[in-house]
Structures are given as structure tokens and as C-alpha cells.
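Colleague: Quick one: the structure is below, questions incoming.
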Amino acid sequence: MTGPRGLNEMNATDGRGGHAERASGAAPDRDAERDHDQDVDEALALVREASAGYEDGQGKRPGAGRPGAGRPGERRPGERHAPHADQHRPDNPRPDNPHPTNPHPRHQGTPWPQARDRAARAAESVARRSPASVPLDQALGLVLAAPLTALTDLPSFDTSAMDGWAVAGPGPWKVRDEGVLAGQSGADALADGEAMPIATGARIPREVTAVIRSEHGRTDSKGRLHAEREVMHGQDIRPRGQECRSGDQLLPARFSVTPAVLGLAAAAGYDSLPVVPRPRVEVLVLGDELLTEGLPREGLIRDALGPMLPYWLRALGAEVIAVRRLGDDAKKLREAVAGSQAELVVTTGGTASGPVDHVHPTLRALGAELLVDGVEVRPGHPMLLARLDERRHLVGLPGNPLAAVSGLLTLAEPVLRTLSGRIAPVPYLAPTRDEIHGHPHDTRLVPVVLRAEPQLVAVPLHYNGPAMLRGIAASDGLAVVPPGGAKPGQELEILDLPWTLPSSPTTHDTNSAEGCFT
Ligand SMILES: Nc1nc2c(c(=O)[nH]1)N[C@H]1C(S)=C(S)[C@@H](COP(=O)(O)OP(=O)(O)OC[C@H]3O[C@@H](n4cnc5c(N)ncnc54)[C@H](O)[C@@H]3O)O[C@H]1N2
Ligand code: MOO
């Protein structure tokens, strides 16, 4: 196999992947499992899944679709356990917590679909930035702030559709010496019985009744033109206004500017377009353990999110004004969030309840309102959304890289969609080729490749653990797997990856004064 799809297929069928990662994820003790600890439960299931894939090489996942699985929103008391959220809800002591002495009681997150809706709606209250007029070459990927209305008829003059002769009246025709090329104007009107050479795109002289293609006519020794097939009135002439009249609406407001839209706008007379400005986003990368270059060493790892998020965010419509690495410094985080000029601050890491997980305490200290505090989705359940003030929000992405992608698509994408005036994509479904193991109570987002076999199918990829990017990097999208999993042939919603949109972040401040903590 060659090309990306071939690579994807290797990933899809190589069952060895993820074995070590999943095995390490299974380390927690059996007590936790007995306590219905979902993380351990899931990790163990993934180990089984990986082992099965290793043995049969098919990537099949026996044992999926556990009994008793519920839908989002259906939950038995005390089944969740991301502790940070409850710690931040002293007013909500969770009487159903079966572990009153446990300092990390489980918490209820928001079901995945509701979390996305809430994120989209949260940004509706933010005052939109005024539409901007931007030159065509800067408009790609933005959203039209007003309908695209033709500034001219198209074509704006009668045009020859073919190379050949413009003729007037019935033939044979006396051919003039001079012809007319595209871009020329001012050719004299033809008299009946006259013809003149004409090029595709040239303006049709007055009184012309048809164009004869060069391969459909011949000139005799006296220089007269004869048609070799019947000539229809108006043939191969594109009449003025055939595509649109000046003032016609070509596209509605909120339409995304694609390369084709740029071409249409230029043809219709535009030099610049009215667009919704990109919402400004600042990325704050947290973690003392992160290196910005070289090989991982001595417990330090490479920052995988700083290089990835600005491009991804831009593809989602954002203008990334800065990427700052703050280490695990609570004061710096607080100052950075408080002082950010961005409509959306995106943090990475620090969402859980470890000793240096500063996101929740920072939000509390700043008086932010937590709109979503944990989501029933794997990976990524500690993700959060907060309103900082009336015009700024913060999305906290978990540090595990695939968990961060999950948070990006679950919370940041809807916020950015609303802020940038985009229309929600129409969800589309594809049947899964293979069985996909499900979380008992949470939605799973699983990297897939799409194949035509001969109908469209989604092939789930391995290497889909929370800390892994290998699956998503080789994927076409993420399948939304409901609680309980999916059987072969079951239709699943697919979240597309926005790679077709333009990508090049404006500012990538990796060496700012805050520096990198390496
Ligand atoms: N007691 C509990 N611990 C954890 C829970 C839990 O519910 N209870 N949830 C786990 C889950 S699930 C996730 S996801 C993580 C989320 O943790 P944080 O958001 O606080 O992230 P960190 O602890 O800072 O990092 C987690 C992991 O990811 C690595 N990381 C962080 N940033 C980057 C980066 N830019 N590039 C690459 N890798 C990164 C970091 O080194 C850690 O390995 O919490 C679990 N713990
Ligand atoms: O399960 Mo966490 O949310 O690694 O992603």
C-alpha cells in the first residue's frame, strides 16, 4: 500500500499496537475495579482488546457491548470518579457518594451531546466582533458576514465559448482578415454573410448570430467559410448574464469561504469580502515535564500539544494569538488567564486533582463560572468549560494528548463555531466495520479510517489510548461510540477532522518571555 490510506490500513489491522500502553493502564489494583472504577475497567477491557487484536491480527474486539450499559444521562449513583469537580462543589456534598471517607469522590460529568450543545450556546451571549472587510487572499476559511451578491452580470458580455469563427446570418461567409482574441474589444459589427476568426473567451462582435468551432468549418480557395454541420442560432455563444445578473445572491451569509468561493467572488467582481473575524484564542500549555526539542529524557517528555493545537484551532476558525508555555506555575497561570485578550483561552493539562493541577483553583480564584466540569466521554473526561467574564471563555483540555483532542472537538469546536458564525456541520453516519468496545456509561471517541468496501465503512484504529496520538494521526475522523459499544454494521456518527480548511497559525509565540520549561 502506498499513500496515507495505505498507512491507515496498516494501523487499522496491526493488532500489536497499544499493547504496552494498555497494559500499563491496567496497573491499578483490583479494589478499584471492584469499586466500579471506570478508568481501570476500561483499561482492562482495552488490554483484552489489544491482546485479542495481537492474537488474531484482525483488530476484532471480543467482549464488547457489556451488559447493563446505559445511555448518556443514565447513571447509577456513585459511578463516576473524577475527583476534582466535586472538590470544587462544596455546596453539593453528593449524598449518593458511597465513599464518604474518600477524599476523591466520584463526580457526575455532563453527557457528551449536552456538553457540546452547552459549549455552542455559551458563546452565543458573547458580543460578536464587527464584520471585517478582508482582501480575497486573506479570506480563505472565514465565514461570510453578508450574502455574496453579484457585482456584475456573469458573463458580463456575450462571449465565445469556442475557438473558431463568429458568423452573421446564413453561410457561406466571407472571412475577415482580422480576428478577435479574449481580452480585446472594439471589433466592428459583422454584416450578414461575414465571418471573423474568434478565440474562446473573446467578446462577441455585434450582429454575430453564431460561433462555428474551428473543427466544424473549412475555408475554400476563395477564402469563404463553409459550415460542415448545421448552424443553430446562438450556438457556442455564452450570453451575458447566463450565470447571474448583477444583484443576484450567489451565496448566503454564514457560508464558509472555500477556494471555490474565492474564485466565484473574484469572477463576480470582489476585491475583498465581508467576513466574521476569527475569534482570538490563546493557548496556555501547562506542565513542568515538557520539552520543546530533542528526545524525551529523565522523566521529561516532548510537548505534543504546543505544536499541534495552533494549527488545529486555526482550522476550526480561530486566530491563535499566542502559545505560551507556563510550566506548573499557579501564579503565572492566574496572571496569564486574567490578562488574556483572547475570547477563548485554551489550557492544556492541569485539569485533574494532582498537586500541580492548577486549573480548577485558578478558575475559582478568578471567580470564573464553570459551565461544564467533566464530560461523560473517553478519553478526555476531565475537560472543562468556564466563563471568565462576559466576553471570554476558557476551555481546559486534559494533558493526555488524545484526551486533549477529545476536549478540543467536544468543547472548543462548538465555542469557536458559534464565535465565528459557522453553521453546525450536518452530522453524518458510517457503519463500523468492526465491533468497538464501549465504555459502560460514557461516550467513546475512537479514531477511524473511512473506506469504501464498496459502501462507506469506518474502520476503528488501534493506538487509541488517551496518551496516544498514533491512531488519530493516521485517521480520517473520530467515531462517536455510544455507551456499551458498537456492533459491526452499526451506524456511528463521525466527527470529521478539519484538514480541508486552511492552516497556518498567525502567531506561534513559543519563545515568549514566559519561556519554555525544559
Ligand atoms: N486521581 C485521578 N487522577 C487522574 C484522573 C482522575 O480522574 N483521578 N484522570 C486522569 C485522566 S483521565 C486524565 S486525561 C488526566 C488529566 O490530567 P491533567 O489534565 O491534570 O493533565 P496532566 O496531569 O497535566 O497530564 C496528564 C498526562 O499528560 C501528559 N501531558 C501533559 N501535557 C502534555 C503535552 N503538552 N504534551 C504531551 N503530554 C502531555 C502529562 O505528562 C501526563 O502524562 O488525569 C488523569 N489522572
Ligand atoms: O481517560 Mo483521560 O480522560 O486520559 O483521557
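Every residue, even glycine, has its Cβ placed from backbone N, Cα and C.
Below are the features I grabbed from TrEMBL:
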REGION    1-133  region 'Disordered'
COMPBIAS  16-37  compositional bias 'Basic and acidic residues'
COMPBIAS  60-71  compositional bias 'Gly residues'
COMPBIAS  72-97  compositional bias 'Basic and acidic residues'
COMPBIAS  122-133  compositional bias 'Low complexity'
DOMAIN    282-418  domain 'MoaB/Mog'
Colleague: Could you count the residues of the compositional bias 'Low complexity' (122-133) that DSSP puts in helix, in strand and in coil?
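Modeller: Within the compositional bias 'Low complexity' (122-133) the tally stands at 4 helix, 2 strand, 6 coil.
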Colleague: Please indicate, using numbers and ranges, the residues of the same chain that are 6 or more beyond the compositional bias 'Low complexity' (122-133) and have a C-beta under 8 Å from a C-beta there.
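Modeller: Cβ under 8 Å, 6 or more out: 145-146, 272-277, 279, 343, 371, 385, 387, 390-391, 393, 414-416, 418-419, 421.
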Colleague: On the 0 to 100 scale, where does the mean pLDDT of the domain 'MoaB/Mog' (282-418) fall?
Modeller: 97
Colleague: According to DSSP, how is the domain 'MoaB/Mog' (282-418) divided among helix, strand and coil residues?
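Modeller: Helix, strand and coil residues of the domain 'MoaB/Mog' (282-418) number 42 helix, 46 strand, 49 coil.
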